[in-house]
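Visitor: According to TrEMBL, the protein has these features:
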type: SIGNAL; residues: 1-23; note: signal peptide
type: DISULFID; residues: Cys33-Cys49; note: disulfide bond
type: DOMAIN; residues: 63-214; note: domain 'Cupin type-1'
type: BINDING; residues: Asn98, Asn108, His113, Glu118; note: oxalate binding site
type: BINDING; residues: His111, His113, Glu118, His160; note: Mn(2+) binding site
Amino acid sequence: MGYSKNLGAGLFTMLLLAPAIMATDPDPLQDFCVADLDGKAVSVNGHTCKPMSEAGDDFLFSSKLTKAGNTSTPNGSAVTELDVAEWPGTNTLGVSMNRVDFAPGGTNPPHIHPRATEIGMVMKGELLVGILGSLDSGNKLYSRVVRAGETFVIPRGLMHFQFNVGKTEAYMVVSFNSQNPGIVFVPLTLFGSNPPIPTPVLTKALRVEAGVVELLKSKFAGGS
């Protein structure tokens, strides 16, 4: 008797939820959904759409990546982002791009993209590309010098870096399968978080003295 009641309740719940479940659609319901970056409402997978009458006619095009970034930075590199915030036409499409410029000896320090796989091409110069496997792989470092015209791929969530090993400036262009791939710079996250990670946590994790941790924190003060 108890089983029948539970079965009946389960069927009732399924029937109650069925209209909501059937109302979803995994495919786009319009040609374009140009992001309304000034709108307050944000849905699960993107910004709300501007009315097409207000979107203009250039939302599918961008020239931002034609310009080199300023590599006079502590890392000797500059990232030019072209995600949905910079290119509203990519809203809900699941794609974005970056350009990264490198001075000689410049690096794009170890970082992670938590929401996207990355595929890239070196456009000029030669870069050491390093990808760190998870603990399952024994923390293996996969690396190679990638030259102009050559490509690389980085699985979602794996730590990686690029370093200009050449004597001239270099740059690469990368694409992501997300309109907002996100980025976690490992050194900045560890030593420049807000609020700071307690020093005893880092001394234990890194197996160093407190003075070393405090020195590193001073290098990333202000989140830069």
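Numbers run from 1 along the shown chain.
Cβ from N, Cα, C; glycine included.
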Visitor: Assuming the binding residues for oxalate are exactly those in the record, Asn98, Asn108, His113, Glu118, what is the maximum CA-CA distance in angstrom, rounded?
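Guide: Answer in Å: the longest Cα-Cα distance is 14.
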Visitor: Return the single residue from the binding-site residues list (His111, His113, His160) that has the minimum number of other CB atoms within 10 Å.
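Guide: Sparsest of the binding-site residues His111, His113, His160 by Cβ contacts within 10 Å: His111.
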Visitor: Cβ atoms within 10 Å, counted per site: which of Cys33, Cys49 has the most, among these disulfide-bonded residues?
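Guide: Result of the Cβ crowding comparison: Cys33.
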Visitor: Please report the number of other Cβ atoms within 10 Å of the Cβ of Asn108 (oxalate binding site).
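Guide: I count 24 other Cβ atoms within 10 Å of it.
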Visitor: Neighbourhood of the oxalate site (Asn98, Asn108, His113, Glu118): other residues with Cβ within 8 Å of the Cβ centroid, in order?
Guide: Val79, Val100, His111, Gly120, Ile154, His160, Val174, Phe176, Pro181, Ile183
Visitor: Just to be sure I understand the packing, how many Cβ atoms besides its own are within 10 Å of the Cβ of Asn98 (oxalate binding site)?
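Guide: A 10 Å sphere around the Cβ of Asn98 (oxalate binding site) contains 22 other Cβ atoms.
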Visitor: List the residues in the vicinity of the Mn(2+) site, defined as same-chain residues other than His111, His113, Glu118, His160 with C-beta within 8 angstroms of the site's C-beta centre.
Guide: Ile112, Ile154, Leu158, Met159, Pro181, Ile183
Visitor: Rounded to the nearest Å, what's the C-alpha distance separating Asn98 (oxalate binding site) and His111 (Mn(2+) binding site)? Just drop the number here, would you?
Guide: 14
Visitor: In sequence order, which residues at least six apart in the same chain have a CB under 8 Å from the CB of Glu118 (oxalate binding site)?
Guide: Val153, Ile154, His160, Val174, Ser175, Phe176, Pro181
Visitor: Measuring Cα to Cα, how far is His111 (Mn(2+) binding site) from Cys33 (disulfide bond) in Å?
Guide: 30
Visitor: Looking only at the domain 'Cupin type-1' (63-214), what is the mean pLDDT?
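Guide: In the predicted model, the domain 'Cupin type-1' (63-214) has a mean pLDDT of 97.
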